[in-house]
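Enquirer: Below is one structure. I have some questions about it.
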Amino acid sequence: MQPDLLNLHALHHFRTRSPLTHCMTNDVVQTFTANVLLALGASPAMVIEAEEAEQFASVADALLINVGTLTASRAQSMRRAIESAVAAGKPWLLDPVAVGALAYRTRFCQQILILKPAAIRGNASEIMALAGMSAGGRGVDTTDTAASALPAAQALARQTNAIVAVTGEVDYVTDGQRIQAIHGGDPMMTRVVGTGCALSAVAAASCSLPGDRLDNIAAACGWMKRAGILAAAQSRGPGSFATAFVDALWNLGEQA
Amino acid sequence: MQPDLLNLHALHHFRTRSPLTHCMTNDVVQTFTANVLLALGASPAMVIEAEEAEQFASVADALLINVGTLTASRAQSMRRAIESAVAAGKPWLLDPVAVGALAYRTRFCQQILILKPAAIRGNASEIMALAGMSAGGRGVDTTDTAASALPAAQALARQTNAIVAVTGEVDYVTDGQRIQAIHGGDPMMTRVVGTGCALSAVAAASCSLPGDRLDNIAAACGWMKRAGILAAAQSRGPGSFATAFVDALWNLGEQA
Amino acid sequence: MQPDLLNLHALHHFRTRSPLTHCMTNDVVQTFTANVLLALGASPAMVIEAEEAEQFASVADALLINVGTLTASRAQSMRRAIESAVAAGKPWLLDPVAVGALAYRTRFCQQILILKPAAIRGNASEIMALAGMSAGGRGVDTTDTAASALPAAQALARQTNAIVAVTGEVDYVTDGQRIQAIHGGDPMMTRVVGTGCALSAVAAASCSLPGDRLDNIAAACGWMKRAGILAAAQSRGPGSFATAFVDALWNLGEQA
C-alpha cells in the first residue's frame with residue numbers, strides 16, 4: 001500500500017475532529033471497539049437505554065448499529081436512536097452481523113433499512129442476504145469472497161442510497177456506481193474477535209467527516225488493513241496481534 | 001506434561017472441524033472466550049435473544065451455558081436454547097459459576113440439570129454445591145481443592161450422565177467411573193478473569209468432536225494447562241500473561 | 001512520586017484482605033475492571049439480577065455502582081443492591097459516568113445520592129453536574145480540569161458525607177474539608193477505555209480497608225497514577241499500554 005492509499009488527509013481530519021461516535025454494538029466487541037476508536041483519535045460512547053439512546057444520537061457525530069447480540073429491548077432502543085439521528089441529520093451505519101443466518105435480526109435489519117442508513121458494512125454473506133440474494137452463512141463467518149458479493153453490494157447501495165462496504169480479503173466500497181477496492185490486511189484479523197465490528201465503528205465515525213463519503217469509508221478500510229499488516233509483522237499469535245493492532249492504529253501515518 | 005498428554009490427535013480434530021460454538025456466557029468474559037476459541041481454531045458465536053438462541057442452538061455444533069451474569073431474561077433464552085440443542089442432538093455444557101453462593105442461579109442450574117447436559121465444568125465449590133454436598137464458596141473463587149470435590153464430581157456424573165470436570169490446581173474429569181487428572185497450568189491463570197469460563201467454552205466445543213467425550217474434555221483441560229505454563233514463562237504480570245496465553249493456544253503443538 | 005506517596009501500607013492491606021468487590025458497572029469495561037482488581041489482589045464479582053444483586057451486596061466487602069450503560073432493569077437492580085449494602089453496613093461508591101450530559105442517568109444518580117454513598121469518583125464535568133453546578137460535558141470525556149471542579153467536589157462531599165474524588169491530570173480527593181492531590185499518571189490513560197471506571201472499582205474496594213477512608217481512596221488513585229507512569233515507559237501505543245498497565249499494578253511496590 002502506498003502512503004497515499006492510506007489517505008493521510010482523511011486520517012488527519014479524523015484525528016482533529018475526534019468524532020463522537022455513538023456505538024450500539026454487540027456485547028462481545030465493546031471494549032475492542034472503544035479502544036480502536038480511541039487509538040484513531042475518536043471519542044466512543046456506548047449509550048443503550050431507549051430514552052438515553054434517543055437523546056445521545058442527536059448529539060453524537062455518528063451512530064453505529066451492530067446487531068451482533070440483538071435483543072428485543074436493544075432493538076427498540078436502536079430504532080429510537082436511529083430516528084433521532086436521522087432527525088438531527090447525523091449519519092448512521094448498519095453492521096448486519098449474521099443477517100441471513102438468523103431470522104429475528106434479518107427481519108429487524110430489513111425494517112430499519114428504510115430509515116436511510118448513510119452506510120452499511122458487512123461480509124459477503126451478510127451483504128448478499130441483506131440484498132435478498134442469499135440465505136446467508138452459518139454464523140458471523142462468511143463462506144463467500146467479498147468480490148462475489150459486489151453485485152449485491154451495488155444493488156443494495158442503489159436501493160438504499162447508502163455507501164456499502166463488503167469486506168474480506170479485499171474490501172470493496174461502493175455507492176452503486178463507483179467502486180473502490182482496498183487491499184492489505186492479514187488473515188490474523190479473522191482470528192481476533194471484533195476487527196470487522198470495529199471497522200464498522202470507524203467507518204461510522206468516518207461518515208461524519210467532510211468530503212466524499214465513499215472516499216472516507218474507503219480510507220477507514222485502508223487504516224484497518226494497514227494496521228493489520230503492521231501488527232502481523234510484530235506478533236506471535238492472535239493475542240499479541242490484537243495488542244499490536246491497536247498500537248499500529250495509534251502510530252498510523254508516522255512512518256506511513 | 002508429555003507431548004502425548006497434550007492429545008495432539010484431538011487438537012488436530014478440533015482445528016480441522018472448527019466447531020461452531022454457541023456461547024451463552026457472562027458479560028465479563030465474552031471477548032476473552034471468543035478469542036480463546038478463535039486461537040484454537042473454533043468458531044464462536046454469541047446469540048442471546050430467545051428466538052434467535054433457539055434457532056441457533058440447533059445449528060451450532062455445541063452450546064455453552066455459563067450463568068456468571070444470569071438475568072431472568074437470559075435464563076429464559078438459555079432454557080429455550082438448551083431445549084433446542086437437545087432436540088437437535090447437539091451437546092451442551094453447563095458452567096455453574098458461583099452456584100451455591102447465590103440462590104437464584106442455584107435454583108436455575110438445578111432446574112436445567114434435568115435437560116441432560118453433555119458435560120459440566122466448575123470449580124470445587126460449584127461442583128460440590130451442584131451435587132448437593134456443600135453450601136458453596138463466597139463467590140467465583142473456590143476455597144476447596146479440586147481433589148476434595150472429586151467424590152461430588154463422580155456422584156454428579158452418575159446422577160446426570162454428564163462428563164464432569166472439576167478444575168483447580170489439578171483438573172479432574174470423570175464420567176462417574178473413570179477419572180483423568182490433568183496437571184500443569186500456572187497460578188497466574190487465577191489472576192486473569194475468564195480462564196475458567198474460557199475452558200468451559202473449549203470443553204463445550206470438544207463435546208462435538210468424534211471419539212471418547214471424557215478424553216476430549218480432558219484434552220481441552222490439557223491445552224489450557226499447557227498454554228498456562230507457556231504463557232507464564234513469557235510474561236511479567238497478568239496483563240502480558242493473558243496476551244501470551246492466547247498466543248500459546250494458537251501455537252500449541254508446534255513445539256509441543 | 002515518592003515511594004511513600006504510593007502508600008505501600010494501604011497496598012499491603014489491600015492485597016492481604018483481597019476485598020470481595022461487587023461491581024455493577026458498564027458493559028464496556030467489565031473485563032478490564034475485573035483484571036485491574038485481580039492484578040491488585042482483590043476479588044471482583046459481577047452480579048446483576050435484582051434478587052442476586054441484593055443477596056450478594058450484603059456479603060461483598062464493597063459495592064461499585066457505575067452508570068455507564070445504565071438500563072431501566074439495571075437501575076432497579078442497582079437500587080436493591082445499594083439498599084442491601086447499606087443495611088449490611090457495607091460501603092458503596094458511585095461513578096456517575098456522563099451525568100449531566102444525559103437526563104435519564106442524571107435523575108437516577110440524584111435519586112440514589114440520598115442512599116449514602118461512601119464515596120463518589122468522577123471527572124470534573126460529572127462531579128460539577130452531580131453537585132448541580134454545570135450542565136456537564138458532551139459524553140464521558142471532560143472539558144474541565146479536575147482543579148476547576150474542586151469547589152463542586154467539596155460541596156458534594158459536605159452535602160452527601162461521602163469522600164469525593166474528582167480525577168483528571170491531577171486527582172483530588174476530599175471529604176469537604178481536607179484535600180489530597182495525587183499527581184502522576186500519563187495522557188495514554190485517556191486513550192484506553194476503562195481506566196477511570198477501573199479506578200472507581202479500586203476506590204470502592206479501598207473503602208473496605210481499615211484506616212482513614214480519604215487516605216485509602218487517595219492511595220487507590222496513587223496506585224493507578226504510578227501504574228500509568230510505569231506502563232507508558234514500556235509501551236508503543238494504547239494496546240501495549242493497557243497490557244503493561246495491568247502488569248504494573250501486579251508488580252506495584254516491588255521496586256516502588
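Cβ atoms are placed via backbone N, Cα and C, with glycine included.
According to TrEMBL, the protein carries these features:
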type    : residues       : note
BINDING : A:M46, A:G194  : substrate binding site
BINDING : A:R121, A:T167 : ATP binding site
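What's the neighbourhood like for these features in this structure?
Expert: Using a 10 Å radius centred on the Cβ of A:M46 (substrate binding site) and all shown protein chains, the other Cβ atoms total 24. In three-state terms derived from DSSP, A:M46 (substrate binding site) belongs to neither a helical nor a strand segment and is classed as coil.
Non-local neighbourhood of A:R121 (ATP binding site): A:L93, A:L94, A:D95, A:V164, A:A165, A:T167, A:G196, A:L199, A:S200, A:A203, A:I217, each in the same chain, at least six residues away, with C-beta under 8 Å from its C-beta.
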Enquirer: For the binding-site residues A:M46, A:R121, A:T167, A:G194, which residues show a Cβ-Cβ distance under 8 Å to chain B?
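Expert: Listed binding-site residues passing the 8 Å Cβ cut to B: A:G194.
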Enquirer: Please give me the CB contact count at 10 A for A:G194 (substrate binding site), counting all chains in the structure.
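Expert: Within a 10 Å radius of the Cβ of A:G194 (substrate binding site) lie 25 other Cβ atoms.
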Enquirer: So if I draw a 10 Å sphere around the Cβ of A:T167 (ATP binding site), how many other Cβ atoms end up inside it?
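Expert: For A:T167 (ATP binding site), the count of other Cβ atoms within 10 Å is 29.
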Enquirer: Among the binding-site residues A:M46, A:R121, A:T167, A:G194, which sit with their Cβ under 8 Å from a Cβ of chain C?
Expert: A:M46
